[in-house]
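**Student:** What follows is a single structure, and I will ask about it in a moment.
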């Protein structure tokens, strides 16, 4: 239906807004983007976290968004103003869940440091820490109108905590609350011990909420909770561990609890009557298990990654599950049934693999792509990107298209060679080729046969032959074993030279041995890698061989003498695959660092890096015409890369690389310190990025231009005075481009273009020498009444961070005095306008509601009259029949 395109980072977290029109998306690099679901555009970007975003949640109105991250910090963002409000520090490990409370301005967070923290957002501090968990807290949910908190940890217990809001107790029963708050009463001390809660306040009387543990619900899963959540109404609670089972519980509402209690009371009274002894009526209470009841377990087809619930108006619970193997499943639960059973309604499974693709191959006509994984072989059409064949196989490690492209051969982990026919999509033949895994397969240049290398220390030569089947008249293709080369170590990779004279074999002892094909005599040994060579290739003219190793290096050797031409540090992890571009000395390498790189084997230069995969790249394949590269990765994706016609200039590539490195280093730099602010619980929400630095530079340039223009104007006025007549004033081309605006208006334009979420950080890196000019300009703008909100926000921030320097500067005293008058008057004006508008809107709302009520009653009376008429008609008909 819709694809929301991000940048290069992986998505780590999702959260829809309460109105369902926006989706907040958290990324691996700590950025948060808010997408509009109607247009599919990203409207807002928040940069504050230094590591992956792990939790996101909107408040009930959708005006604020809270995010938790791997950097252990929680940030509250203002979605409407598109800016950060504040950063909350206190957790010591990855944040796992964040929740706003509806009625109160409170926030609950939990993390892998075993703690659940309560934050008062009015004062932005942590007023309570729950320490009743022995292991990481992986999730939590609020139930029963936020009177109960459920937490999921590293064991099979879901702990339940009752929440009492002290303010309510105070309002309803003053003396009792004082008693409960008094630290002298022994009951209170016992209670705090039983709660297993720790008060971080010095004054216990200032507590806002009281948590008491009331018990546990036992899950069937023995491992940790992965996701714990409820539906929108809070009627159902569900959780799952690292397995394929989703456990669903129903939560009783207040009325249902009352009904159950009444039933229990009746039973208790009956019992008391039956037992003639006079027993005092015991207080009847519902156990936690009765209030939160297990409904059913949903068994998915694979391990669950995450889920979401929705209770449809028909009383049907719908559950959508995202599975570890790249499938989305939708289950439906009929709650009216005696024993509710979950039924799978539908599943979304695009034609991809369910496990990592370990081998790829292109057909000789550049059209078909073969990909094989642990469970299946798939053939894809390169131009339409559609899967055209799926065939079941064993765990595949290497593959090739048989000349003619009608059959494919797969080498497996168990040592078998499997021959498939593409037309019928069937397995024709299976041969036991090696005693261990078949690590490598290579087609001979004359296309009459191929060679395989395995973990049983053998290189085997095979030829294609046509054999007659008993069942059919026609001959079919088969494979015949012709020769064997026994070696001392496991064979990891084999390659023919293009003239079919030499065979290169990579061994587990970190060397590459080169043999003559006809006699199998030893020719060269290429040694120099510190770890085994995992991949290699020989160029089209047979002069060079390139080897890629687990030691992260690529070495380029001459095949005439076996001399090493150059060793290149290629990747940040093992080099997994290497292949030359046909008819050239350029080659591609794929690494476990998730990158694909192109190199020049003559000039020993790195040409370009293809970034797109998020995890290890296992293999790649080049098309025979060299125009396409297809790559497969641990992130479950196959990516197709196309060669463009635009020339690649190496200097430009290097320049872009340096810029990217600089931008990364900027993000890693220490954040600027605000004078007078300690590294306490709270901090600024934003972080210094390349964008905030650029924004500050633009503001500085605008102020410089303003200064120059003002100096020119002074000079021009002096010349005019001396000449005694008007001399035309030359307009700055930049100001002309903006429509002949004044220099001060230009500064305001630049200022307004700074993103709201980056404003504070941009002002933080702005040197103080520009601040006096800005303050004078602010005074001018606010007097005109333009953008009062934005300017006041910037003004107050500048006063906060440069307080000492501004107050000690005599020149700025009058400016500040003027600002004081203008801002107060303008802000109160803006307030009045808002107040008037709000009153007007509320009046309109009341009018509409009143009108609706009238029409509603009118409709109801009409319907009643209609029913009356119908009934009379029916009665007449019945009488007539009688």
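Heads up, the Cβ atoms here are built off N, Cα and C, so glycines get one too.
Just so you know, TrEMBL annotations are computer predictions that nobody has curated.
Copying in the features that TrEMBL gives for the protein in this structure:
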REPEAT    4-45  repeat 'WD'
REPEAT    46-87  repeat 'WD'
REPEAT    88-129  repeat 'WD'
REPEAT    130-171  repeat 'WD'
REGION    171-203  region 'Disordered'
COILED    251-282  coiled coil
REPEAT    350-390  repeat 'WD'
REPEAT    431-465  repeat 'WD'
REPEAT    526-567  repeat 'WD'
REPEAT    568-609  repeat 'WD'
REPEAT    610-642  repeat 'WD'
DOMAIN    744-846  domain 'Small-subunit processome Utp12'
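Give me the local environment of each listed feature.
**Tutor:** Per-class residue totals from DSSP over the repeat 'WD' (4-45), listed helix then strand then coil: 0 helix, 22 strand, 20 coil.
A Cβ distance under 8 Å defines the sequence-distant neighbours of the repeat 'WD' (46-87), meaning residues of its chain 6+ beyond its ends; these are 12-19, 22, 24, 26-34, 93-100, 102, 107, 109, 111, 113, 119, 121, 124, 667, 682-687, 689, 691, 755-760.
Beyond its flanks by at least six residues, the repeat 'WD' (88-129) meets 54-60, 64, 66-70, 72-76, 135-142, 146, 149, 151, 153, 165, 197-201, 206-209, 211, 228, 679-683 of its own chain at Cβ-Cβ distances under 8 Å.
Residues of the same chain lying 6 or more positions beyond the ends of the repeat 'WD' (130-171) and with a Cβ under 8 Å from any Cβ of it are 93, 96-97, 99, 101-104, 108, 110-118, 177, 180-181, 195-198, 207-230, 234, 237, 239, 251, 253-254, 288, 292.
In the predicted structure, the coiled coil (251-282) carries a mean pLDDT of 74.
Tertiary proximity for the repeat 'WD' (431-465) is limited to same-chain residues at least six positions away from its ends with a CB under 8 Å from its CB atoms, namely 397-400, 402-403, 409, 411-417, 419, 477-500, 503, 505-506.
Sorting each residue of the repeat 'WD' (526-567) by its DSSP state yields 0 helix, 23 strand, 19 coil.
Residues 8-10, 28, 326, 352-353, 356-362, 364-366, 369, 371, 380, 382, 385, 573, 576-577, 579-584, 588, 590-598 of the same chain lie 6 or more positions beyond the ends of the repeat 'WD' (610-642) yet place their CB under 8 Å from a CB of it.
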**Student:** Near the repeat 'WD' (568-609), which same-chain residues lie under 8 Å Cβ to Cβ, leaving out any that are not at least 6 residues past its ends?
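**Tutor:** Residues 531, 534-540, 544, 546-556, 615-622, 624-626, 629, 631, 633, 635, 641, 648, 650, 653, 657 contact the repeat 'WD' (568-609) from elsewhere in the chain.
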**Student:** By Cβ distance under 8 Å, which residues at least 6 away from the ends of the repeat 'WD' (350-390) in the same chain are close to it?
**Tutor:** 302, 325-327, 396-401, 403, 405, 408, 410-411, 420, 422, 425, 618-625, 627-628, 630-634, 636-638, 640
**Student:** Grab the same-chain neighbours of the repeat 'WD' (526-567) for me: Cβ-Cβ under 8 Å, and only residues 6 or more beyond its ends, written as numbers and ranges.
**Tutor:** 492-493, 495-499, 501-502, 504, 506-514, 573-580, 582-585, 587, 589, 591, 599, 601, 604
**Student:** Would you mind listing the long-range same-chain contacts of the repeat 'WD' (4-45), meaning Cβ under 8 Å and 6+ residues beyond its ends?
**Tutor:** 51-58, 60-62, 65, 67, 69, 71, 77, 79, 82, 611-612, 614, 635, 755, 757
**Student:** According to DSSP, how is the repeat 'WD' (46-87) divided among helix, strand and coil residues?
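**Tutor:** Output for the repeat 'WD' (46-87) reads 0 helix, 24 strand, 18 coil.
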